[in-house]
């Protein structure tokens, strides 16, 4: 990626979460455990759903795709963070920083869109059960997942193009453990007010819009369940409750981070831990512990592997 004459920075320095060596070792252990849980938990869900014919409903198809996205999303930042914490090497090349920013927003926004699709799936299953099979046919599910990835790519492409228009001539110190828009844009040596508002309206409104759609869909589900109480509906409501826990971990920190210009408030690198590490780590626990079908399938898979 060639830089013009106004961009002098060839690398950034990621300060990470702490300068204390003892805390760095502690964070390394915590991040390593969290990353291992993300990989093992989500891979287990993917293998379980793919090998058990009983988990062929659209809900589990979407859950399998969510697990794949979580693996990709965490792998964009976690390996580099672990290497930096262990070796103390905090420099990241300009090109690598822009690539990390692009893939982070592409996969992250795809996850937001996918969670919205999953809420639509639950709404259709509970509020329109007679039309559920026709609406959420396999071809429609594939089209929705493809639309999520396409939407994430377009969103991230716009963000990255806006970022590449800015000149970076120093300083080059990022107060975070990965490259993201708020801490990077603060380093540009030009007036970034318009760019900040454009980025906030892009990332922030996507986060807020998806969150409001999710809240509205689950409110409609709750109203439907209360009006027609049965064991099956309460089971569906329990599934929706796990979804609400997942979206809260993801959307609230993202709205706090992106729904404002970067210069109005210093971004918190500790808030970023919630949506880059904690949310992908919690998703397998939330969905498996709240789904008896998945737990039973995992137990059958375990017994099959042992024999």
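Every residue number used here counts from 1 along the chain in the order it is shown.
Glycine residues also receive a Cβ, built from the backbone N, Cα and C atoms like all the rest.
Annotations in TrEMBL come from automatic prediction, not curation.
Taken from TrEMBL, the feature transmembrane segment applies to 25-47 (among others). Beyond the transmembrane segment (25-47), the same-chain residues lying 6 or more positions past its ends with a Cβ under 8 Å from any Cβ of the stretch are 16-18, 63-64, 67-68, 70-71, 74, 78-79, 81-82, 85-86, 277-278, 280-281, 283-285, 287-288, 294, 298, 301.
Annotation comment: TrEMBL describes 41-287 as domain 'G-protein coupled receptors family 1 profile'.
Summarising the annotation, TrEMBL assigns transmembrane segment to 59-78 (among others).
According to TrEMBL, the transmembrane segment annotation covers 98-120 (among others).
For 140-158 (among others), the entry in TrEMBL reads transmembrane segment. If one looks beyond the transmembrane segment (140-158) by at least 6 residues along the same chain, the residues whose Cβ comes under 8 Å of a Cβ in the stretch are 58, 61-62, 65, 102-111, 113-114, 117, 202-203, 206.
Here TrEMBL flags 204-225 (among others) as transmembrane segment.
The transmembrane segment feature in TrEMBL is assigned to 237-258 (among others). Proximity of distant same-chain residues to the transmembrane segment (237-258), defined by a Cβ-Cβ separation under 8 Å and at least 6 residues beyond the stretch ends, is recorded for 59, 108, 111-112, 115, 118-119, 122, 126, 180-182, 199-200, 203-204, 207-208, 210-211, 214, 218, 221-222, 225, 267-268, 271-272, 274-275, 278-279, 282-283, 286-287, 289-291.
The transmembrane segment annotation in TrEMBL covers 270-289 (among others). Counting same-chain residues at least six beyond the ends of the transmembrane segment (270-289), those with a Cβ under 8 angstroms from any Cβ of the stretch are 17, 31, 34-35, 37-38, 41-42, 44-45, 63, 66-67, 70-71, 73-74, 77-78, 104, 108, 176-178, 180, 242, 245-246, 249-250, 253-254, 256-257, 295, 298.
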